[in-house]
Structures are given as structure tokens and as C-alpha cells.
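Report on the following structure.
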Amino acid sequence: MAKRDYYEVLGVGKNASDDEIKKAYRKLAMKYHPDRNPEGKDGKIAEEKFKEVKEAYEMLSDPEKKAAYDQYGHAGVDPNMAGGFGGAQGYGGFAEAFGDIFGDIFGQQAGGRRGGGGPQAYRGADLRYSMEISLEQAAHGHEAQIRVPHWDDCDHCHGNGAEPGSSVETCPTCHGAGQVRVSQGFFTMQQTCPKCHGSGKYIPKPCTKCHGQGKLKSQKTLEVKIPAGIDEGMRIRSSGNGEPGINGGPPGDLYVEVHIKAHPMFERDGDDLHCQMPISFATAALGGDLEVPTLSGKATFPVPEATQSGKTFRLRGKGIKGVRSGYPGDLYVHVNVETPVKLTEAQKEMLRQFDRSVHEGGSRHSPQEQSWLDKVKSFFS
């Protein structure tokens, strides 16, 4: 049967980053791991899927192997297709170029990098937790408690995975090595043991409570300290609080991804803040001092006379102190001149008189309006 494309196996594109490839592998490896799937037909399918995913990741996670695969496809990494790399390079050159792609395929000719002699340990998968906080909490820092998954040793089998009264035995197929050697022509390949799936151990009678995993899933509370100035989408890593490792491997990490709620007054742009502030017609025309809220209290700034709608004022240092830079950003106040509404007849008459007096002065009082009228006349003339 023809092998599937490695990128297709992991469900990523050919331009996927190393991090994306790693995340895809961890997700699929945990899904299809034999310890998580029952025996029988479904378990056999999961086992084949696990092997396929593992092989794809081994190729795409190594820069040299990935480059060979991208250029030549399976022929660049499959020993059964090695004839395509003959000629002046020969087998020695192929081994030198592709090093330890297959562990012990080329023995000492592959730079002396031989496969490991024991069960292969796998690092646990990382976990992600999404947290939503207010803009004020992001600006000043925050401490929160979160509930996350946790794995404890099974209290029925005390963590060894075997039903009480039975024992964990050394795998009779690989004799505890976790890997077996398979000869194909003049190649000797080292593969994961099909019986113990790389653990080196065999449990004839798995624990009825944890189903041979040795651990039970629970919940625990973690204290999370959010630094002042954290921005949207930033992540906080909690080392060792991810899923447990396999075959004695280290646990993964927990990543707390921070999201900031929309604020009724401020919009954030990096370390700067923006706000829209309505001002009266009289204040815009005559000027005055305006009071504006900030995340650290109130601030006052002068508005000059003849201020137009859309004018922006910058208040230095009234933004958010950057989590990386350590310096505060600025607050930008965008003023909008508000048109009076629901006027009385007396007020309307006063405005009409005011408007007539303004226009009697020509362009001196309304330069933009006069400029617009001149353009209109020119357009229709």
C-alpha cells in the first residue's frame, strides 16, 4: 500500500511551522495512543494510526529529513527507494546525508548515531486555558485562580497499571527494550515494539479502574499571576502543569492565553489608549478645560478655542505601562463637537441670530464652509 503524504497524515499544510507540526503530532499521538484505545478491531486501527503519525512526525520534525522529503518525497527518506540516490554518492553518501533517519539502518556509517536501547519516553502534551480579564486588570496586573485537569496515581493499582494481585511483566517480544529490529534485505530497521507499544512492559491484567494507564484524571486549582501591561493574546506558561509524559517522559506545560474584554470607554492600541469625548458647541468655540478619565484616575487638559470636531489631544504617559518595555503609553482623546438637540423656540431664534451675525463676517468665522461654497460655485460655473 502506498504511503500517505506526511503532511496529510498530520493534517497540516506544507508551509506549516515547526510549532504547528508539533501541536498536530501531540494531538494525534494522544488520540491514537494504544493505551487510550481498547483492544480489538478499533484498537488495531488506532495502533496503525499511531505508527503512521509517529513516522510522519519523525520525518517532519527533523530539518534534514524534512528537506529530503520536501525535495524527493518518500524516495528521499525510504530505504527501499534508496536506489534513486546511487551514482557517485553511493550508500555511504546517502547515510552521511541523511544521518539517523532510520536509527541503525546504516550502523556506524551514519555518523555512529545509533538508536536508543530502552523504551522511548514521550513528553506530555501541552494544555491551553483561555482566560478573559478586564482592561483595568490587564493594566494593573491581576491574580486569579483557575481549575485545570490533573492526573494522580490510580488509588486502585497505586500507579503501576496492573490489577491488584497481578504484576507488570517485562515485554516478552522486545525484552524490555521497547523496540525491535526488523531486517529488510540488507537494511536493519529499528521499530517500536508492536506488543508493548514502546513501553518495554506488558500488563497481562490491566487495572479495572484506570484501564492500565496508572493515572486518573482529576481537577486542581492553580494560582495565576498576570503581569501588569499584558496584551491581548499573550500567553503565560506554567511549566509541568500539562498532561503527563509517556514511558517516564516529562509532563507538558500549561499555557494560559489572555483575552481582554471590550471596555465601554477605551480602546487599546499596544500600550496606547484611545477614547472618544463629546464636547459642547460652546466649549469647542470658546475653549476651556476638560476633565477626562484615565485608568489611573482623572486628568485635565486645555481645549483651545475654535476646536473642530475630530481634533485629537495626546496625554503623555496616561496609557498602559508596557509589559516588555516598562514604559507607559499615551492616551489619545478624540473630541467630537455635539450638535444641540431638542431646542426651544427661543434657543432656535438665538441660533438664527448668531448664524446671521457669523455670515455677515464672511469667511472670517467659517473658513471651511466658505471654501466649500466657493468650490461648489466653481464646479457648476
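Quick reminder: no glycine exception, Cβ is built from N, Cα and C everywhere.
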Item to check | Residues flagged as region 'Disordered' in Swiss-Prot, choosing from 32-56, 307-331, 357-381 | outcome: 357-381
Checklist entry - Going through 154-161, 193-200, 207-214 one by one, which has the most CB pairs that fall under 8 Å from the repeat 'CXXCXGXG motif' (171-178)? => result 193-200
Checklist entry - Cys207 (Zn(2+) 1 binding site) to Cys196 (Zn(2+) 2 binding site): how many Å between their Cα atoms? => result 16
Checklist entry - For the binding-site residues Cys171, Cys196, which Cβ has the most other Cβ atoms within 10 Å, all shown protein chains included? => result Cys196
Checklist entry - Going by DSSP, how much of the zinc finger (141-219) is helix, how much is strand and how much is coil, in residues? => result 0 helix, 35 strand, 44 coil
Next on the checklist: Name them in sequence order: residues not among Cys154, Cys157, Cys207, Cys210 whose Cβ is within 8 Å of the mean position of the Cβ atoms defining the Zn(2+) 1 site.
Outcome noted: Asp155, His156, His158, Gly159, Asn160, Gly161, Ala162, Glu163, Pro206, Thr208, Lys209, His211, Gly212, Gln213, Gly214, Lys215, Leu216
